[in-house]
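The following features are taken from TrEMBL:
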| type | residues | note |
| --- | --- | --- |
| DOMAIN | 37-450 | domain 'Major facilitator superfamily (MFS) profile' |
| TRANSMEM | 38-60 | transmembrane segment |
| TRANSMEM | 72-93 | transmembrane segment |
| TRANSMEM | 105-122 | transmembrane segment |
| TRANSMEM | 128-148 | transmembrane segment |
| TRANSMEM | 160-183 | transmembrane segment |
| TRANSMEM | 189-210 | transmembrane segment |
| TRANSMEM | 246-271 | transmembrane segment |
| TRANSMEM | 283-302 | transmembrane segment |
| TRANSMEM | 314-331 | transmembrane segment |
| TRANSMEM | 337-359 | transmembrane segment |
| TRANSMEM | 380-397 | transmembrane segment |
| TRANSMEM | 429-446 | transmembrane segment |
Amino acid sequence: MAAMGKKRKKLLHSALWAKKNTMNKDGSTTQGIGQPSIVHALIIIFLEFFAWGLLTSPVLNILHETFGDHTFLMNGLIQGVKGLLSFLSAPLIGALSDVWGRKSFLLLSVFFTCAPIPLMRISPWWYFAMLSMSGVFAVTFSIIFAYVADITEEQDRSAAYGLVSATFAASLVISPAVGAYVGKTYGDNLVIALSSAIALLDVLFILVAVPESLPEKVRPASWGASISWEQADPFASLRKVGQDQVVLLICITVFLSYLPEAGQYTCIFLYLKEVMGFNEEGVAKYIALVGVLSVFAQTQLLSGLMRMLGNKNTIMVGLGFQIFQLAWYGFGTQTWMMWVAGVMAALSSINYPCMSSIVSNNADADQQGVVQGIITGIRGLCNGLGPALFGFIFFVFDVDLNKLDSPTAAANKTLADPTAQSIIQGPPFVFGAILVILALLVAFFIPEHSSKYDHSSRSSAKRTLMVMEGGEEPLLQVDSDNP
């Protein structure tokens with residue numbers, strides 16, 4: 001046991017401090033503090049999402065104050081516009097980061113994603129307008145994953161992606177509770193000011209401390225080079241999805257699995273409070289439990305499963321956890337069932353880093369931004385469609401979460417229809433479970449591939465030949481001997 005513990009610690013330490021040589025051609029290092037490492041990526045993710053986590057309660061309050069009875073509908077519309085813009089822009093920004101480097105686009109992404117925060121109290125309407133438009137740059141995860149791919153070896157990449165996702169979960173463990181406490185004690189204005197300060201700190205950290213991860217020799221162009229429309233076309237990389245089997249299968253899996261997750265995220269806490277009878281303290285404890293277990297799942301559990309099962313089978317295990325938790329949310333009628341579903345939800349959080357890893361491991365060094373941008377773009381589309389889908393299903397089954405705001409509304413509904421809760425408690429979650437079952441079937445056909453050879457030496461020549469012949473090069477290089 002001691003040997004296993006030391007081995008696990010060594011693996012995590014290797015992933016945390018993994019780095020490649022990123023010196024420029026003249027032997028100089030990139031601007032920033034030290035060499036690029038996973039620590040830089042973790043700090044960026046933590047600060048950005050901690051700032052937004054603080055605003056959980058103020059955002060709900062401002063939504064209700066601004067839109068009244070149409071809160072749920074308008075929230076879905078805002079998130080839909082933001083998600084659609086993210087879907088369109090993520091592949092483009094990822095491809096441009098392959099050309100111009102990661103640091104500049106990290107700076108743009110964090111700055112414009114957090115820019116709406118100060119507007120929350122200045123003008124709610126401008127805040128929601130800017131929040132929708134910020135979807136153009138809401139691609140921090142794709143650039144961070146490309147940054148991590150630049151500086152890690154293939155064998156360390158899954159653990160590194162797990163650390164990034166775990167840091168995201170950790171940032172949300174305490175930030176909603178801290179924001180709620182500060183807002184209740186000192187008012188929402190202080191919460192907004194604190195969140196704005198943390199976001200500004202994140203921008204300054206990127207500007208001053210984060211070194212460029214993409215070696216200059218890998219970049220095919222510089223800031224002074226012209227960019228053709230084919231390179232700037234946001235649909236160019238999306239069209240390649242259908243031309244590469246591995247990317248196509250993973251994108252379908254991501255879409256089918258993340259669509260219900262995105263819808264679930266927008267309504268689960270309101271669902272627990274108004275339908276399942278959780279109080280505010282219970283919801284806070286629930287968030288903390290899921291966050292802590294997600295950190296464990298994306299570090300310890302993920303690395304263990306990857307060693308024992310490999311990429312493909314680990315994805316299928318994660319999808320199995322997700323099916324269980326969605327079905328449990330949908331059919332569960334007792335409070336303890338929701339806690340069990342929360343545990344399963346945390347365990348299913350291994351899906352995204354594992355899918356990102358299998359794509360990254362099969363992509364060339366100068367295509368990391370493209371492939372991660374495609375995955376993030378699909379998730380952005382789901383962030384737009386998921387809330388609308390869940391809201392529509394709640395409407396069809398006559399479960400209006402806005403109407404449940406009244407303390408007596410749920411009780412009156414039950415009295416009017418005593419059998420309403422006896423069949424399906426949460427219809428959207430059951431539908432989501434069906435979608436994830438389909439995702440599991442698609443994932444079965446993803447080839448289990450680990451790049452044991454170096455194909456980078458042939459990629460440049462092959463790419464040049466394909467361009468000269470007017471052909472399309474697959475995004476990923478899959479070993480035909482390893483189905």
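Including glycine, each Cβ sits where the backbone N, Cα and C put it.
TrEMBL entries are annotated by machine, without manual review.
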Distal contacts, the transmembrane segment (189-210) - CB-CB under 8 A, six or more residues away: 32-33, 36, 40, 43-44, 47-48, 50-52, 54-55, 57-58, 103, 106-107, 110-111, 114, 117-118, 120-121, 179, 182-183
Among the ranges 128-148, 160-183, 283-302, 314-331, 380-397, the one whose Cβ pairs under 8 Å to the transmembrane segment (429-446) are most numerous: 314-331
Candidate ranges 38-60, 72-93, 314-331, 380-397 - greatest C-beta contact count to the transmembrane segment (105-122) (under 8 angstroms): 38-60
Region pair the transmembrane segment (72-93) / the transmembrane segment (160-183), three or more CB pairs under 8 Å: no
